[in-house]
Ligand SMILES: Nc1ncnc2c1ncn2[C@@H]1O[C@H](COP(=O)(O)OP(=O)(O)O)[C@@H](O)[C@H]1O
Ligand SMILES: O=C(O)C1=C[C@@H](OP(=O)(O)O)[C@@H](O)[C@H](O)C1
Ligand SMILES: [Mg+2]
């Protein structure tokens, strides 16, 4: 065997070690999940993720290939999250609720924590139309926008393990609720009108609230929508005075409880 062949042999051995280590790693991930479930521990522990990253950075700080190794590690971590998400949620997660309840924010955080794809309905519709939601309302009217929402939900039925962040009005149509339930569990996020006002007061992205940014108006519209929101919901998560992490943890635990109750 010449040197080159020897090096190639060494490389193959190295790959075999990496593969074995990865298999072991993913098996440990499953054990951690089972442990957390058995002892009713929080699923999301972002501080642990940070600790792990710091430890790795420290051990690599003098390495010539630090950036390349770190890049691989990030991917390994992302795939661990995907394994976790697929095990926990065998369906799409559909977030509904009033404007400002936090649908986009919570979707975003969950997608980071579980490496899940997010379909942000408003954003996708705006992108496809090449204009803002406010401009779509102004140019084509609300009915046109609502039809786009319905079509998008039907399109999303082909996806799995996706977080769907609905616009606040999506659950008002019975047809939409039926479509979202075909492959998703529906999570209603709630907040008091004052909380909503605090959250939306500096934004002009919500045409239905422009010119009406006061508690009375929000309360009235929320009341008018309440029945339909509640009828659509599989679970309800209150968001008042909670951090995004607390809301996400609450949401996950309630989704898991649904499985326990159905076994
Ligand atoms: N739990 C929370 N605590 C504090 N601010 C929040 C919380 N959830 C959302 N927000 C803020 O409220 C605003 C509206 O949230 P967003 O996610 O866009 O709501 P939605 O998509 O339901 O309309 C954003 O500025 C967001 O940062
Ligand atoms: O409640 C509604 O009817 C709407 C909510 C908005 O989305 P957010 O709930 O994400 O603000 C957006 O779809 C549009 O302004 C209409
Ligand atoms: Mg939103």
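Here the Cβ of each residue, glycine as well, is placed from N, Cα and C on the backbone.
Note that the structure is a prediction, hence the values are computed from the model and not measured.
ATP binds 100, 101, 102, 103, 104, 105 as TrEMBL records it, and from the list 8, 185, 206 the residue named for this site is 206.
Taking the mean position of the Cβ atoms of 100, 101, 102, 103, 104, 105, 206 as the ATP site, the remaining residues of that chain whose Cβ falls within 8 Å of it are 97, 98, 99, 106, 168, 189, 199. A straight line from the CA of residue 105 (ATP binding site) to the CA of residue 225 (substrate binding site) spans 21 Å. Listed in sequence order, the binding-site residues among 102, 105, 122, 146, 168 whose CB lies under 6 angstroms from an atom of ligand 2 come out as 122, 168. Among the binding-site residues 122, 146, 168, 225, the ones whose Cα sits within 10 Å of the Cα of residue 103 (ATP binding site) are 168.
Mean model confidence of the domain 'Chorismate mutase' (1-88) amounts to 94 (pLDDT, 0 to 100 scale).
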